[in-house]
Amino acid sequence: MRILCLHGMGTNSKVLEMQTSALRHQLSHSQSHKYEYVDGGEPMPPAPGIEAFIGQDESLAYYHPHSAKSILTAIDDLWEYIAEEGPFDGVLGFSQGASLAAMIIARAHHSDPPPFQFAIFFCAGLPYCEKSLSAGEVKFLRAEATQGPVIHVPTAHIFGKKDPDVSYSKAMTELCHPWGRVLLDHGAGHEIPRVPVETVDDMARAVEKVVTKAVIGQ
C-alpha cells in the first residue's frame, strides 16, 4: 500500500524516516507498504532535540501555526499534490503532519472515495477549522463544534501520556468515527519510540488493525 508520510514542525522527511524506522521494520514482517514523504515548504527553527540531526536550513514546517493564510496554502498545496501524485491508500502524520492530514480528510469528508482509506496519527496536533481559516481566523476544529465525526476512515491514534500536548491528540480522537478508531498510549513523550521492542510491537499492531479495518470495512 502507498502511504503518504507527513513530518512534524521544525523537522523534515529525513527525520520522520528516522523516527519511524523501527516501526516500519516491524511492519515489514506482516504488511507490504511503500512510504512516500513530502517536505513542508516553510522554513522553521528546529524542534527541541532535533538540532543535532539537521541544520537550520533543513528545518521545515508545512505552515506557520498562527497564520490562517499559511495554513490554507498548506492544505491547498497538499490537496493538489495528492490529486497529481495519488492515489494513496493511507497517510501517516506526526504532530503538525497529523494535523494537516486531518484537515485534508475533513475537507473531503463528503467525497467518495476519500483521499485516504486510513490514517495513522502520531502525537497529533488538532486540525484547524477551514471555514474559520477562510475568514482569516485561526481556530481549532473541535468535536463540540461539529455535527458528528468529520473523519470516517479508520484511524490509529498513537501518543504518549508524557507529551505536554497530549490533550490535542486525545481531542483529535473525538473528530474520528468510533468504529474505526484504534488508540494507543505508548507512555512516552512527543515522539515515536524506537525502543523498547514491546512498544514498537504495540504500535505495529495498532497500525495493522487500522489497515485491516480499511481493507475489510469493519
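Every residue gets a Cβ built from N, Cα and C, even glycine.
The feature active site, charge relay system is assigned by Swiss-Prot to Ser95 (among others). In the three-state DSSP scheme, Ser95 (active site, charge relay system) falls into the coil class. Sequence-distant neighbours of Ser95 (active site, charge relay system) (same chain, 6+ residues apart, CB-CB distance under 8 A): Gly8, Met9, Phe122, Cys123, Ala124, Gly125, His190.
Residues annotated as active site, charge relay system in Swiss-Prot, with similarity to another entry given as evidence: Asp163 (among others). For Asp163 (active site, charge relay system), the same-chain residues 6+ apart in sequence whose C-beta sits under 8 angstroms from its C-beta are Cys123, Ser169, Ala188, Gly189, His190, Glu191.
Swiss-Prot lists His190 (among others) with the feature active site, charge relay system.
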Around His190 (active site, charge relay system), how many other C-beta atoms are within 10 angstroms of its C-beta? 20
